[in-house]
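Inspection log for the structure reproduced underneath, given as C-alpha cells.
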Ligand code: ATP
Ligand code: MG
C-alpha cells in the first residue's frame, strides 16, 4: 500500500471546516489592517533561499527540498515566505507604488525536510505578512498588534509575546565580534553546527537547540549591551507604543531569530498552555533591513511575521477551544421507490441550481437509514417523496431542529428554504 509521505497530512472532509474558518479569519483580519494577498510560485530558484535566508541557517543547510528540473535549473520548494515576497517586490518594482509600505499577506504551503515531531511537518501552511518600504517603529507596532489580534480573536489566552532588538548592522557586527571572543576558546565543546556557526553567523549559536544548556550560552554577552544609540532609540519607541496600545510583551534579550537577515525588532509568540508539548512557538518574525539589497533590490526595509495553521490548531486544542461546525445542508430528500427516486433527482437539480444546498440517498436504502443519513448530513429540513406526494404536489417539510412539520407545495420549496 502506498502511504502518505512522512511529515505530511491529509486534512479530511470532516476536519477541513476548521481550516476554512481559520483561513477566513486570517483573510478578514488582514483586510482589517489593509494587507493584500500576494501569491508566489510553489518553487523558486534555489539561489533565492541560499542568499535570502542565509547559508548558515538550518533551512538552507538541512531542510530544503531542492531538485533540478529538466532544463538543468536548481529549484527549491518554498521553505518560507519572506524571500519570495521580497523577490516579487523587487521584480515588480513595487518600490514605485504610491502606497508605501506595500502591505501583503500570503497563506501557502511551505516545505522543509524536518525531523518528525509533534507540531513539525514537512509540508505545513504558513500565513505571513510583510510590510515593505517604510522604516518606522509604528509599522513594527502595527505588525505586532495584528499578530496578537489574530490569536486573541480565537479566544486564546495562554499567549506570551517576546520581543528583542537585534540592532542595526553596525550594532550586530560588534556583537558578533564579542560572541566570537566569548565562544572561540571553547568552541570544541559545542555541536558541529555551532563550530561552523562561529565563523558564518555566531549569533545562531544562541539559538542552537542542542547546546542551549551549555554554561557559555548562559554567560554569553547580550545584544542589548551592543546596541548603538539609534538602535536603542528605535527599540525604546517600539516598546513605548506597544504600551500605549495596551499590548503585553516581555523583553527577551536572548531572542535571536534563525534567519540571517533580521535587524532591529525581533519577536516570537509562545503558548504557555499546559499540554501544548515541547514545541511552544506559535509565530515568529521581525524586521529585515538589508534583505532587499542582499537580493539586489532597492534600498528599502521590511518587517513581517509567519505563523503556521498547524500550530494555531494545536494551541486551540491545548486550550480546549472548539471551532463551530458550519451549517449542514438545507434539505434532505427521502425517497420511497424508483419513481420518487427519479423525481428526487430532478427536484435536487432544480433546487441546487437555485442555490439551495440539498442531497438525497443514492444507495436506495430503507426510509429509516435515509433519516439517519439526513441526521449525519445535518440537514435542516427533510421531506419524504412518495407516490402520494408526487400526485398531490405537496410534501410535509420537517424542520429537524424543532421537529415541526408543515405541508407545502413542492414548487414553494425554494422560497421556503431560502434565507
Ligand atoms: P522552530 O524553532 O519551531 O523550528 P522556525 O524558527 O523554524 O521554528 P520560522 O521559520 O520562523 O520557524 O516559521 C514561523 C512559524 O512557522 C513558526 O513559529 C511555527 O509556528 C511555524 N513552523 C515552522 N516550522 C514548522 C513546521 N515544520 N511545521 C509546522 N509549523 C512550522
Ligand atoms: Mg525550524
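Cβ from N, Cα, C; glycine included.
Here is what TrEMBL records for this protein:
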- 22-326: domain 'Aminoacyl-transfer RNA synthetases class-II family profile' (DOMAIN)
- 80, 81, 82, 112, 126, 130, 257, 261, 262: L-histidine binding site (BINDING)
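Shown here: features listed in TrEMBL, placed on the structure.
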{"residue": "80", "record": "L-histidine binding site", "DSSP class": "coil"}
{"residue": "126", "record": "L-histidine binding site", "DSSP class": "strand"}
{"residue": "257", "record": "L-histidine binding site", "DSSP class": "coil"}
{"residue": "262", "record": "L-histidine binding site", "DSSP class": "coil"}
Among 80, 82, 126, 262, the binding-site residues whose C-beta sits under 6 Å from ligand 2:
none
Let me check the 10 A CB neighbour count of residue 262 (L-histidine binding site). How many other CB atoms are there?
28
Quick one: of 82, 126, which of the binding-site residues has the smallest count of other CB atoms within 10 A?
126
